[in-house]
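Here TrEMBL flags 21-183 as domain 'Glycosyltransferase 2-like'. Taken from TrEMBL, the feature transmembrane segment covers 248-272, 284-303. Residues or ranges marked as region 'Disordered' by TrEMBL: 335-366. TrEMBL lists 346-356 with the feature compositional bias 'Polar residues'. The compositional bias 'Basic and acidic residues' annotation in TrEMBL covers 357-366.
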């Protein structure tokens, strides 16, 4: 009796790309953004779209399902862009994405640039690519916004050790290694913190020049530049404290120590000039206070270094657990089981074959 033959598994069609779009009340703009997305990309086997509905009240999720979005993650209330971004990355991992592109729902970024954005990731040259908007050429960017963007990117480059030129750009592509490595600890935005984290985790970051579409609406992330500075300033300082505690707090301790010693020297100078003259005791008091504060900040630097070491170990452990969990969820999804927290609409993935057939149908005579 001949043994039964096993059916050969289907050959892999290529990497799976998921384009994720965080949304907050984007019923009006989402269809245009969706229509602009590429249906096929060289080197990509299939393309799917996932939106993260951050508590929208205008029926964004319903519109997404109607226009053919493949997957929907919905928050019952608004949790912020950072939380939406991370929820999307987690869902993409579980859905089996090999590459993820993050874009905006207001169609700020051109869908035609996605192919160039993912090319370095597909080629293995980069773990993350960031779309460089070339902000000096954007008409609606004020000179203040351009200067702040340059300064912010310089701070991020210094803290991350990467060559990122547009650190606030949300148009990015990531591989599975990056997806399982990045964590966001603030509730405001993910752009700066994830770049600093990526550089310190040893991920390779590459810039890709892109173009942007005309502005369709005002930013919903912040209403003014002062508000942006107020909310993003602590994010940058916290990131420096997390990844460079000795340098950050050590510099502050040295400044305080020098200030305190200079005031103490001033007191001694006048005291030895004429011990009977009073009125300089304030210099001694403030100087002693500054020296004591310098010692406290110095201890914070040492404690921060110990905590940073512990954090790196915890992040490595969490990254491994995340990869294991994602691999199990991916296997279950491939068997047709639903992914927890993700509503799949049943829309078919976009493939190169589908796009080829569609093009042939358009070319065929009526």
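Each Cβ is built from the backbone N, Cα and C atoms, and glycine gets one as well.
Proximity of distant same-chain residues to the transmembrane segment (248-272), defined by a Cβ-Cβ separation under 8 Å and at least 6 residues beyond the stretch ends, is recorded for 237, 240-241, 280-281, 283-284, 286-295, 297-298, 300-301, 304. Per-residue confidence over the domain 'Glycosyltransferase 2-like' (21-183) averages 92 (mean pLDDT, predicted model).
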